[in-house]
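Colleague: Below, the features straight out of TrEMBL:
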- K199: active site, schiff-base intermediate with substrate (ACT_SITE)
- K251: active site, schiff-base intermediate with substrate (ACT_SITE)
- R209, R220: 5-aminolevulinate 1 binding site (BINDING)
- E236: Mg(2+) binding site (BINDING)
- S277, Y316: 5-aminolevulinate 2 binding site (BINDING)
Amino acid sequence: MTRPRRLRATPALRALVAETRLHPRDLVLPLFVKEGITEPVEITSMPGVLHHSEESLAQAVREAADAGLGGVMLFGVPEHRDATGSGADDPEGILNRGIRIAVEAAAGRLVVMADLCLDEFTDHGHCGVLDAHGGVDNDATLERYVSMAVAQAQAGATVLGLSGMMDGQVFAVRSGLDQSTANGGAGFPDTAILAYSAKYASAFYGPFRDAVESTLDGDRRTYQMDAANRREGGRETALDLLEGADIVMVKPAMSYLDVLADVAEQSDVPVAAYQVSGEYAMIEAAAANGWIDRRGAILESVLGIKRAGADIVLTYWATEIAGWLGER
Ligand code: PBG
């Protein structure tokens, strides 16, 4: 009498009983704005993803808003880098300029988020400043993050994506924003924090490092997490929740769906997952070779991330997926 196939018989039945659905509002599009270019340039390792000029950034944000996306996440690619990443908190630095452009283009139709990390701005490519022995100095980096946070909040970002994996970064940035005098003494209590809580040291960031023209020589294993550790993902998330994170995130997505499911279970704030550059590049490369059905693989990969527990998915396909969802 029990025939699970009964509910799979027609497209309408399958649609009725689907446990997970994709919606454009759940999707966030990462965007790269590059200093010193006037036309957008395709990123070689991420076919279909562009380095935006300031002009084309505005256009991409308007398209994302037209597509009904939930938000955009901005990354800056500066022309000049130095030891402390001074371009990151310079109000005229490329990322802060990009935030102002995106906020204007979005006109309140979607949420503008900004990556808060130093790696794109430092000449050594690490996510923080270095100590005398070349190690990443956790607490000196926190001061840089606070200054960057204030600059991003001032530029108008609604959500700051803390991706540096320094200990105590959420608390430091939260306190720094609230106590800032940059806003006439009022602070920035309404600027939200999306914490990259369980961010793993991953080979799947490879194409992104090309995208931001990373100068890193070495790795990030003293601050990003070890792929072997599941329980630790929960511990990092618990700390970020205590420190005041408004949204928590797991990154990458596909190789960490167990961690994502744990975090979704434990978190009392929205949970995001980042489908990273390597996940994007793998599907694109297989599809370009005719080895995989591109659209089917993209939709299945994002559905899997939602099914595992993500409320919000950062994906380079966000605008395209929203277009497909609109066709149905
Ligand atoms: C750090 C940062 C990285 C990504 C997002 N923020 C790279 C890293 O930690 O090396 C990776 C995103 C992707 O691979 O798509 N600013």
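Cβ atoms here come from the backbone N, Cα and C positions, even for glycine.
Small disclaimer: the values here were computed from a predicted structure and weren't measured.
Would you situate these features in the structure and describe their surroundings?
Modeller: In the three-state DSSP reading, K199 (active site, schiff-base intermediate with substrate) counts as strand. Around the Cβ of K199 (active site, schiff-base intermediate with substrate), a 10 Å sphere holds 27 further Cβ atoms from the protein chains shown.
In three-state terms derived from DSSP, K251 (active site, schiff-base intermediate with substrate) belongs to an extended strand segment. Cβ neighbour count for K251 (active site, schiff-base intermediate with substrate): 26 (other Cβ atoms within 10 Å of its Cβ, all protein chains included).
Around R220 (5-aminolevulinate 1 binding site), the same-chain residues at least 6 positions away in sequence with a Cβ under 8 Å from its Cβ are H126, C127, M165, A201.
Listed in sequence order, the residues of the same chain lying 6 or more apart from E236 (Mg(2+) binding site) and placing their CB within less than 8 Å of its CB are S197, A198, M225.
The Cβ of Y316 (5-aminolevulinate 2 binding site) lies under 8 Å from the Cβ of L29, P30, M46, G48, V49, Q275, S277, Y280, each of these being in the same chain and 6 or more residues away along the sequence.
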Colleague: Using Cα coordinates, what distance in whole Å links K251 (active site, schiff-base intermediate with substrate) and R209 (5-aminolevulinate 1 binding site)?
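Modeller: Per the Cα atoms, K251 (active site, schiff-base intermediate with substrate) and R209 (5-aminolevulinate 1 binding site) stand 15 Å apart.
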Colleague: Inside 10 Å of the Cβ of R209 (5-aminolevulinate 1 binding site), count up the other Cβ atoms and send me the figure.
Modeller: 17
Colleague: Please check each of the recorded positions K199, E236, K251, S277, Y316 and report the ones with a CB atom less than 6 Å from an atom of ligand 1, ordered along the sequence.
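Modeller: So the answer is S277.
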